[in-house]
Amino acid sequence: MRPVRTVAGAPAAGRAVPYVTYALIALNVAIYAITAAQANSIGDNRRSQLFFDWVLVPPAVADGQWIRVLGSGFLHYGPVHLLVNMFALYILGRDCEMVLGRLRFVAVYAASLLGGSAAVMWLAQDAATAGASGAIYGLFGSMTVILLRLRQSPTQMLVLIVINVVISVSLPGISLWGHLGGLAAGTLATGGILFLPQWLKARTPEMARATGWVSVAGVIVISLALIGTAAVSLA
């Protein structure tokens, strides 16, 4: 008897607890606690050394500080920013992780984070950007693709995306390009997992899973290439 799998090819059994989602939330909270301790302030953690070293500043990346590309996705501007993002991660992450499986979920999350950083590197070069929002927007896109693959209406998810984009445009200090870059990367990565094997007529489940992995890797490589070329242009 073949094991029951989700539409992404992940084993359906043993996925009741979204450990990766919980681990990501714990990591974000832990990093916030470190920045708050360094700044001696729970409400204003921007004065911490870790925040200074990791916040995404494109010219600093051009100087070789590539840790900012990834580390900025785990920083937050104050407790409200943290709580809003962690609530969204909790809601979206659980379902995405259950469908995609833990490793694919990590890959899609990473692709979304890097896609957001790539967009900032090209389109918001004067900004100092931080937050998990780019990765979370990627999960919005991922969940939309999942709903389409399950032949369920994505209308509510699309409405949420539009509302959040409007908020990004309307309020100052929010990285619109980081959000849109993450949204695009998460959508493409998940589309590669769930739809590309069908379009390429993958003959076996193994080929389908390999196709999905290659597509996610492609999104990550393209994001890194965009970051690299932006860094060169700023150097």
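Note that Cβ sites are derived from N, Cα and C of the backbone, with glycine treated the same way.
According to TrEMBL, the domain 'Peptidase S54 rhomboid' annotation covers 64-190.
Residues or ranges marked as transmembrane segment in TrEMBL: 20-39 (among others).
Residues annotated as transmembrane segment in TrEMBL: 74-93 (among others).
Taken from TrEMBL, the feature transmembrane segment covers 105-124 (among others). Panel annotation: around the transmembrane segment (105-124), residues 20-21, 24, 56, 58, 61, 69-70, 72-73, 93, 96-97, 132-139, 141-142, 175, 177-186, 188-190, 193, 213, 216-217, 219-220, 222-224, 226-227, 230-231 of the same chain, lying at least six beyond its termini, place a Cβ under 8 Å from a Cβ of the stretch.
Under the heading transmembrane segment, TrEMBL lists 130-150 (among others).
The transmembrane segment annotation in TrEMBL covers 157-177 (among others).
The transmembrane segment annotation in TrEMBL covers 183-200 (among others).
Feature annotation from TrEMBL assigns transmembrane segment to 212-234 (among others). Remote same-chain residues near the transmembrane segment (212-234) are listed as 8-9, 58-59, 61-62, 69, 104, 107-108, 110-111, 114-115, 117-118, 121-122, 125, 185, 188-189, 191-194, 196-197 (criterion: CB distance under 8 Å, separation of at least six residues from the stretch ends).
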Considering only the recorded stretches 20-39, 130-150, 157-177, state which has the highest number of Cβ pairs under 8 Å to the transmembrane segment (183-200).
130-150
Looking only at residues six or more beyond either end of the transmembrane segment (157-177), which have a C-beta under 8 A from one in the stretch?
77, 116, 119-120, 122-124, 127, 129, 131, 133-134, 137, 140-141, 143-144, 147, 183
Other than its close neighbours in sequence, what residues sit by the transmembrane segment (130-150), given a CB gap under 8 Å and a spacing of at least six beyond its ends?
7, 24, 28, 51, 54-56, 72-77, 81, 85-86, 88-89, 92-93, 95-96, 99-100, 108-113, 115-117, 119-120, 157-158, 160-161, 164, 174-175, 178-191, 194-195
